[in-house]
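Notes follow once the structure below has been shown.
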Amino acid sequence: MRDYDEVTAFLGEWGPFQRLIFFLLSASIIPNGFTGLSSVFLIATPEHRCRVPDAANLSSAWRNHTVPLRLRDGREVPHSCRRYRLATIANFSALGLEPGRDVDLGQLEQESCLDGWEFSQDVYLSTIVTEWNLVCEDDWKAPLTISLFFVGVLLGSFISGQLSDRFGRKNVLFVTMGMQTGFSFLQIFSKNFEMFVVLFVLVGMGQISNYVAAFVLGTEILGKSVRIIFSTLGVCIFYAFGYMVLPLFAYFIRDWRMLLVALTMPGVLCVALWWFIPESPRWLISQGRFEEAEVIIRKAAKANGIVVPSTIFDPSELQDLSSKKQQSHNILDLLRTWNIRMVTIMSIMLWMTISVGYFGLSLDTPNLHGDIFVNCFLSAMVEVPAYVLAWLLLQYLPRRYSMATALFLGGSVLLFMQLVPPDLYYLATVLVMVGKFGVTAAFSMVYVYTAELYPTVVRNMGVGVSSTASRLGSILSPYFVYLGAYDRFLPYILMGSLTILTAILTLFLPESFGTPLPDTIDQMLRVKGMKHRKTPSHTRMLKDGQERPTILKSTAF
C-alpha cells in the first residue's frame, strides 16, 4: 500500500503549481495580520478633558483653569475626568476674581465631566472611544472590546477544525474569509457600542477560522519539504506583513469608520483567489471523491509540465487510515500519569504566558513614547527576524535552551524598562522591541516543542489544550495594558516577571531535539528532576499505531 505522498511524488516539490499555492495561501493570511491588531487604532484613547459649554459665562482666565492638574509619569498634566465645579467658578468669574491670585484652586470643589469630553484630534479624528465616550467611568469598555474579540478567536478555534473536516478546507477558507471581511464592514454601521462588540466577536471567529483553514490546506497540498517552510515562515511572515500594513493605513486614515473601509478592501480582493486555490486532494480522498482529487492532480501536473500516469488514485491501493482500529482517548489522558500531568500543566502555563506577552506588547504600542504609527510598524517588523531565528533554532539547536533563551531575553529587557531615565524614551522603545522579538521567537517555537513532547495517541489533544490556554492569555492581555493607566511600568514588570519565571519553568521540560516522536504515553520523555513513578494507568495505556521516527520542524498554528 502507498500513502498520498508516495502516490503524488511525481509532481515534484517546488514546481509552478506548488509555488502558486504557497504564495496565494500565504497572501490570504495578510488580512489576518491587520484585522487581529486593528484595535490598536480603532480603540485608541486620545488625550481628553472635560468639556465646558460655550454658554458658560467664564472669563478667559477661568476658561484656562477649569480643569485641575494631576501627576502622571512624574509631571503635572490636566485631569482627564474631573473639572472644577462649574457653578462655583462661574460665580468667581462674575465677581472678577482671578484664579490662583484671588482663589486657591486647591480648595475648589470638583465634579465629573457632566457635559462630556473634548478629545484631541492631533493624532486621531475619531475612534470608537471618542464615538461613544469610553473614558473615565467607562474606560473599562475599551479593553473589554479587545478581550471579546479574542473570545471570538477562542470560539472560532473550537469550530474551525470540525467545519473544515465536514465541509472541506477550501469552502471553509472562503466562507470564513467572507465572514471576517463582511462583519468588519458591518462594524462601520454600528449604532452603538454593543453592536460594535457583537460584530467584533464574529470577526474574531472568522479571523482564526480562515487562518486555520489556509494553514491546513497548505500543509495538505504542498510536499513534505515545502510544507516545513510554509508552516514556519510562509504564513508567519505574511501575517507580519499584514501587521506592517496596518499602521500605514492608519497613518493616512485617521477616522475609524473610514479605516475599517480600507481594511476590508484586501479581503474583498481575496475573493478572486477562489479560481486559483483548489480543494485539498487529501480531504477529497478522505471523502471518497477520488475523481475530483484526480482532476486537481492532473491540473497540477500540467502546470508543472509533467506527464501524468494513466491512473493516479487506486482506491484499493491507498491507505485508509480511518479503517485502522484505534483505542479511544479523552482529555483526561493528559492528566493520567504524573509525567504527562506535569507536561500538560507546564505547557498550559508556558502558552498562556507567551500569549499574554505577545499580545500585551503588540497592544501597548500606543503607550510608547514617539510616533504611534512608527512604533506599531517597528513592532510588526521585528517579528520577521524573530520568525527566521526561530526556524534556524528549530533546525540546529536544542528546544529547551532555545525557548528559555528567547524567553529570558524577552522578559529581562522588560524588567529593565523601569530603570530607563524619562529623557531616554528611545531606549525604552528599543527595549520593548527587543522584548517583542524574544517573545515572538518563543511563540513560533512553542508549537513544535509542544507537539514533540506529547505522544501520537494524544498529540493533537495536547496541542489543542495548550492552544486554548494561549487564547485565554490573549483574552487577558488587554487588561495587562490597562494597568498602565495606574502605573506606566506595571504592565512591563508583570509581563517581564511572568516571562522569566516561564523561562525557568521551561528548563524542567524534557529535551526533544534529535529524538524520535513518542507514540505512547509510556514512551514520553521525563520531566527534569522527576523520578519515574509507576501508576496503574501505565498498564492501561496500549500502543496505538506506529509513526515513523522523525523530528518535527514545523509549527501548527
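Even glycines carry a Cβ here, placed using N, Cα and C.
Here the structure is a predicted model, which means the values were calculated and not measured.
The topological domains that Swiss-Prot gives for ALA90 and TYR401 carry different names, which places them on opposite sides of the membrane. The Cβ centroid of GLY218, THR219, GLU220, ILE221, LEU222, GLY223, LYS224, SER225 marks the ATP site; residues of that chain outside this set whose Cβ lies within 8 Å of it are GLN18, VAL226, ARG227, PHE230, given in sequence order. Take the transmembrane segment (233-253) and the stretches 21-41, 198-218, 374-394, 431-451, 463-483: counting Cβ pairs under 8 Å, 21-41 has the most. Note on the transmembrane segment (374-394): residues 33, 40-41, 232-233, 236-237, 239-240, 243-244, 246-248, 250, 361-362, 365-366, 368, 402, 406, 429, 432-433, 436-438, 440-442, 444-445, 448, 553 of its chain, located 6 or more positions outside it, place their CB under 8 angstroms from a CB of the stretch.
Looking at THR219, SER225, the binding-site residues in this record, the fewest other C-beta atoms within 10 angstroms of the C-beta turn up around SER225. Each of the binding-site residues ILE221, LEU222 was assessed for Cβ neighbours inside 10 Å, and the highest tally belongs to ILE221.
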